[in-house]
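*Asks:* My questions will all concern the structure given below.
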């Protein structure tokens, strides 16, 4: 391990020397700053029919042919349902002080509000939460991370029906009542601004609805359904916050927010139309949800482009939104890209930003915007972290913020072994760069209070299945063995404040490094 760490140290020193940036250290962040890892129920738990759990929308979707790139599913995933104590020990040895996870709606309420609370599901999450607390790890809980009971899709169409607002409020209150005495941080939803587009515009995610030219699905309307679903999520969020504020927050002392996906955008060309394209891309991104929640209505750019396709809030709904403002914003940031205008210029269909009438690009004049990662749509562009955090700081009056996801992907296939993944210097460089950028934003006044690496373990990555690996720990999916990657040692040393403070005892090693 000592030799391996020396390789990491030399690599990071070299990269910093070449880039001219300073090393990042734990002392550059506030003492009470949360540092953790993130996950979600469907991606790690497995046990999909155990403990009287009901079917979720993702249980059904992944069993349909052609929905997942490698034909896989989350039936077993990382088997966190049975191995959660082992995973808590990994977190404890890593040195994190928080763990962000989600609660499986179908494990707690197999039939939504149309059935009983499942005591086996409650027992599992009580055991997980208690295990974390005993190790000094703060639970940071997402109420809904994509998965909903299949019953609700079957009964009334899931997020396309206003009925789901009642179900989500009921589920949220069950969670507050059962777990809120130990949970100090709640997020209602995880990045619905991204998942809704993939679910109802492109058809990549459950329930797989879309229409041409966005995709060729059996059912759906890509021009209308994403905004209907998004509207119901915003109102569901407001209702859940209202329940928490009025009945639980005073005695439980927690906070509640929402997590959104935030890609940072730069103009492809420094022209008026591409600068406007950046503005539209941002408005159709996190601001699609944050503007109504914090400012009372949808962004002007969305209304101008979508017209009557964008639902309207009633006066009563606006009052509810204004009276239930969140305590913090969660930002999931992975990458930066260029965008060009598609209103005055011909474009291909962009799977994420077509509704904003922009097209995303990852190189300009043959030069990549940043180093590619294992995910084709994520590039390593650290400056985007500071730019994005600063933008949302200014737009939303410096609302307290947590970086709820940030991570690096390695491409994977069945012929690769653990050794192909454990020497993950690319991940170390990525996290280091983004933390440097985040620390700069904090020094300039951004009220950021936590950072979570995605993810603790390699896991099921939605429509990509197991072809992408984001974990600090490698998971062998046949044996489920967890193996630390080099980034584990890096993150541990960062958290203990010893990163890059180790001195070379052998001056010849330093000479060798300088000539590397």
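Yeah, the Cβs are placed from backbone N, Cα and C, and that goes for glycine too.
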*Asks:* In Swiss-Prot, the residues 145, 190, 191, 334, 405, 454, 461, 462, 470 are said to bind beta-D-glucoside. Which of 28, 43 is said to bind at that same site?
*Replies:* 43
*Asks:* Looking at the glycosylation sites 193, 221, 270, which has the shortest Cα distance to residue 334 (beta-D-glucoside binding site)?
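*Replies:* When the Cα distances are compared, 193 comes out closest.
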*Asks:* At a 10 Å cut-off from the C-beta of residue 193 (N-linked glycosylation site), count the other C-beta atoms across all protein chains.
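*Replies:* The answer is 24.
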*Asks:* Among the recorded positions listed here (43, 190, 221, 270), identify the one with the smallest other-Cβ count within 10 Å.
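*Replies:* Counting other Cβ atoms within 10 Å of each of the recorded positions 43, 190, 221, 270, the minimum falls on 270.
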*Asks:* Using the alpha carbons only, what distance in Å do you get between residue 210 (disulfide bond) and residue 462 (beta-D-glucoside binding site) once rounded?
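*Replies:* Cα to Cα, residue 210 (disulfide bond) and residue 462 (beta-D-glucoside binding site) are separated by 17 Å.
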*Asks:* Among the recorded positions listed here (43, 190, 405, 454, 462), which has the Cα closest to the Cα of residue 347 (disulfide bond)?
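*Replies:* Closest candidate to residue 347 (disulfide bond), judged by Cα separation, is 462.
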*Asks:* Work out the three-state DSSP category of residue 462 (beta-D-glucoside binding site).
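*Replies:* SS state of residue 462 (beta-D-glucoside binding site) = helix.
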*Asks:* Which whole-number value in Å describes the distance between the Cα atoms of residue 405 (active site, nucleophile) and residue 43 (beta-D-glucoside binding site)?
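*Replies:* Counting only the Cα atoms, the answer is 14 Å.
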*Asks:* Could you measure between residue 423 (N-linked glycosylation site) and residue 190 (beta-D-glucoside binding site) for me? Cα positions, answer in whole angstrom.
*Replies:* 30
